[in-house]
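Structure first, then comments.
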Ligand SMILES: Nc1ncnc2c1ncn2[C@@H]1O[C@H](COP(=O)(O)OP(=O)(O)O)[C@@H](O)[C@H]1O
Ligand SMILES: [Mg+2]
């Protein structure tokens, strides 16, 4: 059931209904007319509309129907934030809005999986098209989408300006009046993403192409093309910019309108056309231009009553634009083809006939192009995946229209509104009755006017006005509009809703002319002038004009004018019957969907903001059937809510239901209303809802709730305040006491410290005990963080006098500890090596007590053993030949060779015999180089060494090697061999401090003082 669906959100959760309509009632009228106490009073209804309109509250509900009053000004209620506010929110929770209706329809479609439709009605200029655009925009913005669907959404939105350019026009009532009916399906997939769209168009007001009433214009596109098209385009189309030059544009005498920017709208349309799949090859604009040229095609009368075209050049251009043969067109415009007894005859048209043939062609070309345009848009919106889709239909169709002179078009439009009203009554009543049935509540008959009688008058087969019109069009012999009127008088003259001048009594006769018939519509009386009825219903285009158009090389026109149409001798359906049939189909479509309604009201005829013309509004309230709607909706009960929602809201009012009711919901509601003293006639309990008859009952309950909340809040506030004060003062006192205590302790501490400092050299006594303890404590804490880390580190913090002895104790202890730790870390292998190398270096073989001999040793040790003959050993630093990295080595001299040893490993052996020279610098740097033969592959090059006893080493080596003459002293630099053929250089520079480092150009730079 619809109302159930309305109150349950997507997850099926019952929302807490905030009843904004109730709480806001005292401020600006009622948000829902069902809460009007005097729901039968039209004055109360209008007053409520007026009060809200004055506050820019343009939307009000009648149950689930949205009534909208055109504000004629931009209101800031359509932003994205507003859309978010209404998203997923229940109808009654928030102020009435077109977005609330859009959202509820969307959610109903998703949760109930049933197609929906939104019927927007109202008179011209009441805001129907704006409402439909807002609904579309709401879906485009809030529905889930993806890239592909975004393109579709864009097309849906872009199709609007195009349709408006071709199908809307300025009328006296609306500067942007839709001159066609539009029903648009938006298709959604199972995720709720819009996936496609389809438009059905109804009865374009084609007569506007050739004629406009005073103060009105032709369709927007003509003016847009002339104003916005660039010069080249106009030249190509052979057009001039001034609309005054075109007869079809000046009938209404207002080609320019200040509120319309044709130039800007042209740009919008040109931008939208490619989005919805239009190509330039289709030459749509040629057709628009050709209509203007047709309008300027003039005829002259020949002597024999025949006609000829006086605007020859115009016609040539026209033929070019239409893509047809010029002479064939000329002939078709001035002659007609007849078939008599199987023979074809051509007869000339008289002046009037030629003019009407021309106009018929213009209307046909424009009307068919419009239909093609809608088809084209439909192709671009076509649903790509059709599985499991749901639909929301939007009906934006012309509202009830009463002009000074009402013709065939108004007759069709008002007939359409009769049908919609019937559907509305039927569906609203049906849904109400269903609701009562579901809830098990007896239906109380509602008095309302059933307009079926008027629909029958118009559409009944054989007896209805449309049938009579068709008959008159088809009847052989002399027929004319007046004969049609007479036929009407004969056939439906006795109908209570039909009057003519002849049938009327004296008073009415004065307001119905002889050429008119009056229909008493549900919304009011309308006089229709029969002039033109037959022609318009016939909608005839001469056969030879059709033949010419079939041969057009314009893609659109050849699509619109089919050859079959010429060959087929069967007469096509008359315009009114076509319209009737399309309306029947529309009703079927709408009946198959769940409807929602937007009823638009126009507040004044001057299109002015802030003006509320009561007479005009009352008229619309009447013909929109809003009072009837309200009566049906109220049908005995003003208010209904599901038990959960009702109990949730009002449970604080009854001790048994507060805070929670654990029994059956219906019992809870029953207990609650009994406690509130509801009388039996004031309410009824259905199966899942409570129905309350009078708004007064509900308002009293609501007031009681507000009072309760007010009291509750007040009591809570008082108690809360007291508690807060007690806690605050207690807390502040405690904090102050703590602060004072801390201050006292700090002062005492400082006092003791100062006293201690004064007595620091005294024996340990109460005066200095705190200070000395503190100093000791500080020393130990500092010592703990600064203990030496290695045995070689001799640093130790200075102890205070009272701790000198203890400090020394600790130092020794710590040292011993470190030594023990170090020894524990020494591995047995390492111990052996240390022992061995110390022997190598320091033990003379002659004095070797342990008798290390070559015989006892094997392998590498045997090789090492040869070192036992070492005569002299010294620590040196060896510099790598390339990177000059310093490496600690032992240089050992034996009788025949020298070796460089790294711990126990011999790194280099230098035979004295091979030694080519010994170089030293002239400064006190300690550097010396042992030059080796380059051809000796075993040698790695010269040895670059440093020793603090360089003189001693060099002397010893030179003597032992017997090469004293090989010693060179080089003052500036020493060259040495790095490897075969490669050289290194040591540069010596005088400086205050010894420094050995890699210098420029890869040299080893030695900075040192002079030797002496
Ligand atoms: N909700 C609205 N807010 C602002 N202006 C509006 C609104 N509805 C209608 N209008 C104004 O009224 C004019 C006529 O509205 P429109 O929707 O074209 O009427 P209808 O389609 O019923 O003939 C619009 O051009 C616009 O200026
Ligand atoms: Mg409109």
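Any Cβ shown, glycine's included, is placed from N, Cα and C.
Summarising the annotation, TrEMBL assigns domain 'Myosin motor' to 29-706.
Residue 123 (ATP binding site) falls within neither a helix nor a strand when secondary structure is assigned with DSSP, and so counts as coil. Within 10 Å of the C-beta of residue 123 (ATP binding site) there are 24 other C-beta atoms, taking all protein chains into account. For 122, 123, 124, 125, 126, 127, 128, 129, the entry in TrEMBL reads ATP binding site.
Across the region 'Actin-binding' (583-605), DSSP assigns 9 helix, 8 strand, 6 coil. Summarising the annotation, TrEMBL assigns region 'Actin-binding' to 583-605.
Residues annotated as domain 'TH1' in TrEMBL: 831-1010.
Cβ neighbour count for residue 129 (ATP binding site): 22 (other Cβ atoms within 10 Å of its Cβ, all protein chains included). Burial estimate for the binding-site residues (124, 128): highest at 128, by number of other CB atoms within 10 Å. When secondary structure is read from DSSP and collapsed to three states, residue 129 (ATP binding site) falls in the helix class.
Among the binding-site residues 122, 125, 127, the residue whose Cβ has the fewest other Cβ atoms within 10 Å is 125. Within the set of binding-site residues 124, 125, 128, 129, 128, 129 have a CB atom less than 6 Å from some atom of ligand 2. Checking the binding-site residues 123, 125, 128 against ligand 1 with a 6 Å cutoff on the Cβ atom leaves 125, 128, in sequence order. Excluding 122, 123, 124, 125, 126, 127, 128, 129 themselves, the residues of that chain whose CB lies within 8 A of the CB mean position for the ATP site are, in sequence, 70, 174, 399, 600, 602.
Here the Cβ of residue 126 (ATP binding site) has 26 other Cβ atoms within 10 Å, regardless of which shown protein chain they belong to.
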